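K.L.:
The structure is given below, and queries will be raised subsequently.
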Amino acid sequence: MSSKMIVLMSSDGQSFEVEEAVAIQSQTIAHMVEDDCVADGIPLANVESKILVKVIEYCKKYHVDEANPISEEDLNKWDEKFMDLEQSTIFELILAANYLNIKSLFDLTCQTVADMIKGKTPEEIRSTFNIENDFTPEEEEAVRKENQWAFE
Amino acid sequence: MPKCKNLLLTSKRRKSKSKRLKLHQHEPESLFPEKEVEEEDEDEGGFKLKIAAPSQEHGVQPLGNLYFNPGAVNVRNTGLGNLQILSDELVLDILGLLGANHLGVLATVTKSFYIFANHEPLWRNLVLEELKGDFLFNGSWRSTYVAAYHPKFKFAGDGESNLKIIDFYSDYLFQSWLCANLEMKPKWLRRDNITRVRGISVEDFITKFEEPNKPVLLEGCLDGWPAIEKWSRDYLTKVVGDVEFAVGPVEMKLEKYFRYSDGAREERPLYLFDPKFAEKVPVLDSEYDVPVYFREDLFGVLGNERPDYRWIIIGPAGSGSSFHIDPNSTSAWNAVITGSKKWVLFPPDVVPPGVHPSPDGAEVACPVSIIEWFMNFYDDTKDWEKKPIECICKAGEVMFVPNGWWHLVINLEESIAITQNYASRSNLLNVLEFLKKPNAKELVSGTTDRENLHDKFKKAIEEAYPGTIQELEKKAEEAKRAEEQRVSFWDSAKTDTFKFSF
């Protein structure tokens, strides 16, 4: 029994054949399938191939059924490994998950970034995201005072 | 992705250049200037900001200003580092996953994070999630939270975060601040084209308004209500005491709610909307009465199992409901006891501009705040053939909202009102039709037993009023056939072969 396939085209011109059932985890793609405009493939102008590959990998893993049974615990472990990526890739994944409207991937990627912030000092946060401090010494003192309660 | 579908996220605002707001900075190094905002196509002078717009606007400017400031750097981007490729909404989605301490630390990282981390909606969520309805509003959501968890912490100055930031440009954050601080413009309040009646008979009401499904404003039918004399803030606070009323996602004591509504400056203020007020405080039940026109209340046949049908509504200026159609295909009446409400109504077949219902009607995407709808879409209706019905409903007056009509309501001042939804013979068939829908489970509101409501209701009606449904169906059939004949008559009149003969 062959399952229905659709073609996704990345912004840099690469084509990926994916099972429809896997692809419609993206609400954006699901709506296009409903509206029956996928015959010639779906161009994804906002997603380049490097990212689309990861998105498809995620969707395949999360297409859980009898053929692909997996426990939540195992999925969580898999998520951790999956998100072991360069920062820029993570941000691109957020943008892609948002554009493609894949809620669980969006939640996962946002949570990953949130976890990069939690528990860090301001200096560590700056270093993590390549940020320069733009407060003057006076401003920094004022701002620190305002938020002193967060440091206790 | 946005948790609530709102049109702040569309690019419509940026595309409509005529609506681009220009903030004038008088000195390059000045802090946030006079609170004057001029709109280019405005014929009546600028927007008026609420008096004492809070000091915690830090100086966020709309993106348009950046383009008028060649060579300027957007501190928003430089301060976010690698995160700058994310949109404001996405940054806020991430910050929404952080706790209060994380946000407090983040605010000291850069000017950009200072502004993002102090974004009030983030703190509102934290307060409502953790303190529920038991919070003492302290001027802002952020200081409300901090004061609750760090009571010994001394705030400098007036307790608000005070640093003025220049060179931070963001449409999303600016719009958010603007909508929280705008007053309703006079031109949005001018149109008043609703029919007003006083002292008509019930039969007249039914034939002239209920059956043809037309809105109307009824004067003089609250004259006997003790509520009109008695219901003031103080009286209600006394009589309701410690009982909590539903306010958005939480329940609150009235005193705490009024403390909040006095100090709140936001796009969508929390609105007190309780469907069990009469059960919770029976004396309130005794101080109002259903106006005579609306006494046929067929859901009453379900007794205690009826869906929610009556609410007390209390809210500050700026609170209200954005465009929606009332659930279950019911009609409604809304009586203002104190205050005043601006209404905008569109008939069932006319979707208001800026509003996007999903095909099954289960979701409606529309601007976050009511002010934003007025700013961006109200003028679109000027040239429409099917203009909306508009009015201001004042204390002592009652609005009739026919079933299926789109409506938007905004309180122009603090208002106390009662509203009820009902099904009468005029809309019974519509209601049954609605309840029969396959996705009725999601759409039907105010009851725990969603799936069986249609069958239960139909059965109860047939028991209490045997033959009524069949009678109504027969009448509807006859009306439909008459309409079809009329149509075909005029259709054939258009062709050449038809000849009048007298």
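Backbone N, Cα and C define each Cβ position, glycine as well.
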K.L.:
With B:His324, B:Asp326 listed by Swiss-Prot as binding Fe cation, identify the candidate in B:His407, B:His454 belonging to that site.
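P.N.:
Among the candidates, Swiss-Prot records only B:His407 at this Fe cation site.
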K.L.:
On a count of neighbouring CB atoms within 10 A, which of the binding-site residues B:His324, B:His407 is highest?
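P.N.:
Of the binding-site residues B:His324, B:His407, the highest Cβ count within 10 Å belongs to B:His407.
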K.L.:
What is the three-state DSSP composition of the domain 'F-box' (B:80-126), stated as helix, strand and coil residue counts?
P.N.:
34 helix, 0 strand, 13 coil
K.L.:
Around B:Asp326 (Fe cation binding site), how many other C-beta atoms are within 10 angstroms of its C-beta?
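P.N.:
The answer is 18 other Cβ atoms.
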